[in-house]
């Protein structure tokens, strides 16, 4: 194990030098073991943000977090997909990736959705699901078995990564995106086989895709949406990296290449007289605004691709629309709610 002092590692970061495998792991272990003072943590997080975390740093730190997270029962022998992204795009859109999780599950994908409450002003996935009656504190056994019995589950991050709870107030006080925003989507305790991961900044595309690849993800799409969304947008060019069996491929996704209607990102913003919960419910029931339903269908089509269910984006889009038109995603939601109640 590296015997570098915390101050030496901090100096390395402040000079813009990347951390090697061992030092990245040591830094995370020290966080987990409460061996870093709060003032040092603030400095580390700021230095890492200024330098920019590499795929190697992210994958090594994520693996240490996962090693510290023990499952109470065996991982289900299923091909699972997560839709957790970095968040923090500041767009005040409704919870698109949360809606996508239920729609994709209704289309036959086993969804292991990892999420948290908001660290900013926006309502996080855990906030909206809790407000709609999902029990975030269900037994861990139940949370895991739900994906086998229902086809979807929700893993509330603080329940699984308790050692990081003490960092939450400091992260909030800093008021900036930190490396933990990037680590969140990488540390799903069920270690899904595939993922659609939205990033709030274009410069996160390559390190996040590289981290997923280094961690052995079978298939993934990392997407930075037009206008700064951390989801695929219906308005313009979406920058994408496909991760497929060890290979990374950069691409551009624009709805003008398909038979989709162009829609402004502004139509996805939650206004003062709307609630995140009502929008999510209406989308899952297929009764929501067309812009909301269409953007969920677009992003669901990406999930269907990584899951190997639908290779054609347009067909995936139509499959998602059909599912919502029959309110099947809402049925999935109600099933999960009932399952986790006890």
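First residue shown is number 1, and so on along the chain.
Every residue gets a Cβ built from N, Cα and C, even glycine.
Reduced to three states, the DSSP call for residue 116 (anthranilate 1 binding site) is coil. Sequence annotations record features per position, and here Swiss-Prot assigns anthranilate 1 binding site to 85, 116 based on sequence analysis.
For residue 117 (5-phospho-alpha-D-ribose 1-diphosphate binding site), the same-chain residues lying six or more positions away in sequence with a CB closer than 8 A to its CB are 124, 126, 127, 130. The 5-phospho-alpha-D-ribose 1-diphosphate binding site feature in Swiss-Prot is assigned to 85, 88-89, 93, 95-98, 113-121, 125; the stated evidence is sequence analysis.
Within 10 Å of the C-beta atom of residue 97 (5-phospho-alpha-D-ribose 1-diphosphate binding site) sit 23 other C-beta atoms, taking all shown protein chains into account. Residues annotated as Mg(2+) 1 binding site in Swiss-Prot: 97, 231.
Look at residue 171 (anthranilate 2 binding site): DSSP puts it in a helix. The anthranilate 2 binding site annotation in Swiss-Prot covers 171.
Within 10 Å of the Cβ of residue 230 (Mg(2+) 2 binding site) there are 24 other Cβ atoms, across all protein chains. Feature annotation from Swiss-Prot assigns Mg(2+) 2 binding site to 230, 231.
Neighbour density around each Cβ, counted as other Cβ atoms within 10 Å, peaks among the binding-site residues 114, 171 at 114.
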